[in-house]
Each structure stands twice: as structure tokens, then as C-alpha cells.
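Listed features, source Swiss-Prot:
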- 1-39: topological domain 'Cytoplasmic' (TOPO_DOM)
- 40-60: transmembrane segment (TRANSMEM)
- 61-70: topological domain 'Extracellular' (TOPO_DOM)
- 71-90: transmembrane segment (TRANSMEM)
- 91-136: topological domain 'Cytoplasmic' (TOPO_DOM)
- 137-157: transmembrane segment (TRANSMEM)
- 158-186: topological domain 'Extracellular' (TOPO_DOM)
- 187-207: transmembrane segment (TRANSMEM)
- 208-282: topological domain 'Cytoplasmic' (TOPO_DOM)
- 283-299: transmembrane segment (TRANSMEM)
- 300-305: topological domain 'Extracellular' (TOPO_DOM)
- 306-326: transmembrane segment (TRANSMEM)
- 327-365: topological domain 'Cytoplasmic' (TOPO_DOM)
- 366-386: transmembrane segment (TRANSMEM)
- 387-397: topological domain 'Extracellular' (TOPO_DOM)
Amino acid sequence: MSTSESPSSRFRELSKYINSLTNLLGVDFLSPKLKFNYRTWTTIFAIANYTGFTVFTILNNGGDWRVGLKASLMTGGLFHGLGKFLTCLLKHQDMRRLVLYSQSIYDEYETRGDSYHRTLNSNIDRLLGIMKIIRNGYVFAFCLMELLPLAMLMYDGTRVTAMQYLIPGLPLENNYCYVVTYMIQTVTMLVQGVGFYSGDLFVFLGLTQILTFADMLQVKVKELNDALEQKAEYRALVRVGASIDGAENRQRLLLDVIRWHQLFTDYCRAINALYYELIATQVLSMALAMMLSFCINLSSFHMPSAIFFVVSAYSMSIYCILGTILEFAYDQVYESICNVTWYELSGEQRKLFGFLLRESQYPHNIQILGVMSLSVRTALQIVKLIYSVSMMMMNRA
């Protein structure tokens, strides 16, 4: 994606790219009306297939609870993927509306000067960097989980599967059955990987616009401060009590800052409402997967679960890290408003500014179940809880 293109064109291309990935799974979130096609039903079949085989393996554990625990290892990933798929199906119109709204902001503001143009472009660059990190992480995890069974088979003949479920009628001791099981699990992992990646992208496409709007608020505050400083300079050159030109422009800039902060607040509220369940499912399901992986490896080392522990921790941490970055953006918004040269405002303008200042003290943070903020601090609390619960389970085992 060339940086010589306009920000709106880059954003439009990025939206289409993410939509092309979700379209592989049968969900076209840019379409005015969601239609089920063969890809949609294939995705539904893959989810049902994985769920059925996992339940079968858990119930047919041969009396060994560890086998059932290993089979349930990737239920966290199941909830994770199911949450994203259902969000696309049930909230398709809201997702589309939010993307088109962001597109309209890019179309409007890219022509308002170099400051806005640079701010919009920097957001696209930031999102592309996040996409690269997510993509590399998932590709590495997929390749590792795919190559591990082959490596162990070639090393000492041990037959393990990337995913811990068994298929009825296909014993792993039989060469043909092992190959069929391996291929079916590979297809399932491909669907899962594309779903995880595309799901993360459309969530991050929405979340990163909070950073963009925060940066644009800084630009607007700078424009207001420049006008107020110019007023102070003019006042030093004229006699006491004389009127100073530019009052209408200063009023317009102040109202522009107030309106933009209201837009910023409304957008944060809309994002929270749209992805409230999805973000909670993402973080908590990955926490569940980490706990199961940790418990399995406490009894004896199990390579697939150890790898999935790293994948789950990675998947949870990218959301929590972005949540912390968003918290810094809220602080940035409040600091920008506090830095307004308020003493150059008129009496009526100060009243308006007072309302703005009070509103900025209560940002709409991204929440997990309305209890915990999405942040690295919450991730550390979850990790401590996982360790405590795992120790308790092992002591009772």
C-alpha cells in the first residue's frame, strides 16, 4: 500500500483487504445485506465438526481425566473463533456503519491541511504495523503446530496431532487414518487461523480509530491555541478596552473542539457497545486456554499444549497491550484539553470550556464485562488468577 496515496484511499483499500479475508469465511461485512453462501456454511460445518469431535474425545477418555483435559485444550480457541463469527453475523450492519463512518471522516479531513493529512496517514501506518505483528505471530504459530507432529513422527515415531481431538473410526495407529486425521485438522486450523486473523483485524480497524480521533483533537486544540495566542499578541499592541478582531474565528474553533470531543466520546461508546461481548470472549477464552495448558504441563510436559499456551498468551496480550495504548490516548485527550489557553477565552466561552473539561475527565474506557479495563494490568491479574487456580486444581488432583 503506497504512502503516496491519499489517506482515504489507503483506508478504503485496507477495509477491502480485511473484508476479503472475512469473505473467505463467508462473511462480507461491507455488503449492505449479509448473504449466506457455501463459504459461510463451510465455516459453520468446520465449527460444528471441531465441536463434535472434541466432545467425543472428552467423553471417550478411557477413564483418564488427563486425556479429556488435553482434548478440551482448544475449547478456548473455539469460544474465541465462535465469538468473532457470531459478531460478524449478528452485528453486520453496525460494523459496516462504523467503517463507513470512519471512511467519511477520512474523506472530509484529508483536504483540511497537512496536519490532518499527516495524522490520518500515521494512523494507517500504525494499523499496518499492528497487522504485520498479528500476521507474523499467527503464521509462526500455525507453522509450528503443523510441523510439530511431523517432526516427532520422524524423530522417534511418536504419533501426535496438532489439535487434540480424535475422529471416530480413525485410529492413529493406522497410517491411512493418521494421514486423514492430520489433513482434516490442517483444514480446521486453516479456517481457525484465517478467522482469528481477520477477526482481529476488523476489531483493531475500529479500535485504532480512537487513536486517530485523539490525535486529530490535538490538531484542533493547537489551532485554537494558536488563535488565542494571536489574540494575546494583538491585545499587547492596542489600547486597553479596544476590540480585538477574530472573535468569530475563535468561537468557531472552540465549538469545533467541543464538537470533536463529543464525536470522540460517541465513537468510543459505539465501539464499546459493538465489541463489548467479543473483547470479553477473546480475553477470557484465551485465559481459559492458558489455564488448561498450564494444568496439563504441571502433570507432565506436553509439547502441543505448551505451544498453544504461548499462542493463547500472545492472542490475549495483543488486545491488552492495545487497550493500554488506548488508555494513554484518553490521557492524551484530557491533557490536550487542559493545555487550552482558557484565560484568553471570554466569559461565555469559559462556561462552554468548563463543560468540556468535566466531560473529558470521564472517558469511556474499553471494558471487559463492564468490570475490568482492557489493559496490560488486567492481563497480569488474569495470569496471577490462572496460576492460583491451576495450583489449587493440581493440589486437589
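Positions of Cβ are set from backbone N, Cα and C atoms, glycine also.
Between the transmembrane segment (71-90) and the transmembrane segment (366-386) there are fewer than 3 Cβ pairs closer than 8 Å, counting only residues 6 or more apart in sequence, so the two stretches are not in contact.
A Cβ distance under 8 Å defines the sequence-distant neighbours of the topological domain 'Extracellular' (158-186), meaning residues of its chain 6+ beyond its ends; these are 49-50, 53-54, 56-57, 60, 70-71, 73-74, 145-146, 148-149, 152, 303-305. Between the transmembrane segment (137-157) and the stretches 40-60, 187-207, 306-326, 366-386, the greatest number of Cβ pairs separated by less than 8 Å involves 306-326. Against the transmembrane segment (366-386), stretch 306-326 shows more Cβ pairs under 8 Å than any other of 40-60, 187-207, 306-326. Ranked by Cβ pairs under 8 Å to the transmembrane segment (187-207), the stretches 40-60, 283-299, 306-326 are led by 40-60. Long-range contacts of the topological domain 'Extracellular' (300-305) within the same chain, counting only residues at least 6 positions beyond its ends with a Cβ under 8 Å from a Cβ of the stretch, are 70, 73, 145, 148, 152, 160-162, 164, 292-293.
Distant neighbours of the topological domain 'Cytoplasmic' (327-365): 210-211, 214, 217-218, 221, 224-225, 228-229, 231-232, 247, 250-251, 254-255, 257-258, 261-262, 264-265, 268-269, 272, 373-375; these residues of the same chain sit at least 6 beyond its ends, with a Cβ under 8 Å from one of its Cβ atoms. Taking DSSP states H, G and I as helix and E and B as strand, the topological domain 'Cytoplasmic' (1-39) has 20 helix, 0 strand, 19 coil. In terms of DSSP secondary structure, the topological domain 'Cytoplasmic' (91-136) contains 41 helix, 0 strand, 5 coil.
A Cβ distance under 8 Å defines the sequence-distant neighbours of the topological domain 'Cytoplasmic' (1-39), meaning residues of its chain 6+ beyond its ends; these are 85, 88-89, 92, 95-96, 99, 102-103, 106-107, 110, 117, 120-121, 123-125, 127-128, 191, 194-195, 197-199, 201-202, 205.
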